[in-house]
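Q: Heads up, here are the entries from TrEMBL:
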DOMAIN    42-300  domain 'Proline dehydrogenase'
BINDING   LYS98, ARG289, ARG290  substrate binding site
BINDING   MET136, GLN164, LYS188, GLY189, ALA190, LYS202, THR227, HIS228  FAD binding site
Amino acid sequence: MLGSLLLAGSRVPLVRRTVSGVPLTRKVVDRFVAGESTRDAVEAIRRLTDAGLAVTIDHLGEETKDAHAAAQTAEAYVTLLGALRELGLGDRAEVSVKLSAVGQALGEEGDKIALENARQISEAAHDCGANVTFDMEDHTTVDSTLGILRAVREDFPSTGVALQAYLFRTEADCRDLSHEGSRVRLVKGAYAEPASVAHQNKAEVDRAYVRCLRILMAGKGYPMLGTHDDRLISITELLADRFGRSRGDYEYQMLYGIRTDKQQALVGAGHTMRIYVPYGDDWYGYFMRRLAERPANIAFFLRALGGK
Ligand code: FDA
C-alpha cells in the first residue's frame, strides 16, 4: 500500500522537488547509486570486478522529453564505454539502457530516435566487447521496447532485454525470446501497474516468475535472473539441474547495494553474479522504486532525514 503510494507520488513534480531538495536525501541515495560522474562509475566498477562480480551499468535517467537530452544520454554511455575499453574492463561489464531515456517518450518520432541512439550505444559497446540490455519500463512501453530490440538485434544479436514477471503477457514474451542467442533478464517488475495488465498480489507475482523462469531455463537462450529472492534462487538451481544447465549457462543479477552478502555467496559458489550499477544525477525515479520495494528502506530514509 505504502509502496503503491510512493510509486504514484514519484510521478508528481512537487513530491520530486521536495524529496530531491532535502540535503540528507543524498546520503541515503548513495546506498543505491554509485555516484554522479563517469569517474564514480568506473571506481565502483573496479571495486566490484576486483571482488569477482560482473557489472551492468545504468546511466540514470528516464522519460526524457527532449531530443537533445536523449542524445546526451547516448553520448554519456559512449563515453563510459570508451573508459571501460581503455581500462580493459569490457569483458566483465555490460550496460543497461532505459529506452525512454534515449528518446522513446518523444511522441511519434520517439521510437526512431530511441532506435538511433540505441544503435550508437550498441556500436560503442561492441567496440569494447560489452553487451547491451534494455531495461523494461511501464507496460505501455513493452511493444515499443521489443520492437526496438528486434531492430537492434539485426546488427547486434547479443542485445538483451528485461521482462517483468508481473505482467500477464510475459509468459508469452518469454516463449518468444527463449531461442538460441537470446538474452533475457527476468525480473518481478517495479512499476505501479493496473490490475487489467498485471498481477497485484506478491504470491501471484512470485508464481508467475517461476512459470517464466521455467520457460527460460528450458529454452535455448541465456537466462539472467534479476532477483534478490532466496526462494527464486533455490528454484533456479533446481531447474538448472533439471534442464542440464551448468553455471556458465545462466547468471544471477542484483541491484547495487542490495543483499551484498548474498552477492558474494553466489560468487563463492561459482556463479556469475552481475551487479546493476546506476550512476548519474537523475536518480529520483530509480531511488523511489527502491524505497517502494521495501518498507525497511522507507524507515532508513526517514531516520536519515531525522539525523539518526
Ligand atoms: P522481492 O521484492 O520479493 O525481494 C526479495 C528480497 O530481496 C527482500 O526480502 C529483500 O531482502 C531484498 N530486497 C528486494 N528489494 C530490495 C530493496 N529495494 N532494498 C533492500 N532489499 C531489497 N524492474 C523493472 O520493472 N524493469 C527493469 O528493467 C528492472 N531491471 C532490474 C535489473 C536487475 C539486475 C534487478 C535485480 C532488478 C531489476 N528490476 C527491474 C527490479 C525488479 O523488478 C524488482 O522490483 C526488484 O528486483 C525486487 O524484486 P525481488 O525479485 O528482489 O523480490
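Keep in mind that glycine also has a Cβ here, set from the backbone N, Cα and C atoms.
Just tell me what is around each of these and how deep it sits.
A: Annotation for ARG289 (substrate binding site): same-chain Cβ neighbours under 8 Å, separated by at least 6 residues, are LEU7, SER10, ALA190, TYR191. Under DSSP, ARG289 (substrate binding site) is assigned to a helix (H, G or I) in the three-state scheme.
Counting every protein chain shown, the Cβ of LYS188 (FAD binding site) has 20 other Cβ atoms within 10 Å.
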Q: Could you check which of the binding-site residues LYS98, GLY189, ALA190 have their CB within less than 6 A of ligand 1?
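A: Only GLY189, ALA190 meet the Cβ criterion.
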Q: Using a 10 Å cut-off, grab the number of neighbouring Cβ atoms around the Cβ of LYS98 (substrate binding site), all chains included.
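A: Its Cβ has 26 other Cβ atoms within 10 Å.
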Q: Using DSSP and three states only, what is MET136 (FAD binding site)?
A: coil
Q: Around ALA190 (FAD binding site), how many other CB atoms lie within 10 A of its CB?
A: 23
Q: Let me check the 10 A CB neighbour count of HIS228 (FAD binding site). How many other CB atoms are there?
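A: Result for HIS228 (FAD binding site): 17 other Cβ atoms within 10 Å.
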Q: Near LYS202 (FAD binding site), how many other Cβ atoms are within 10 Å of its Cβ?
A: 10
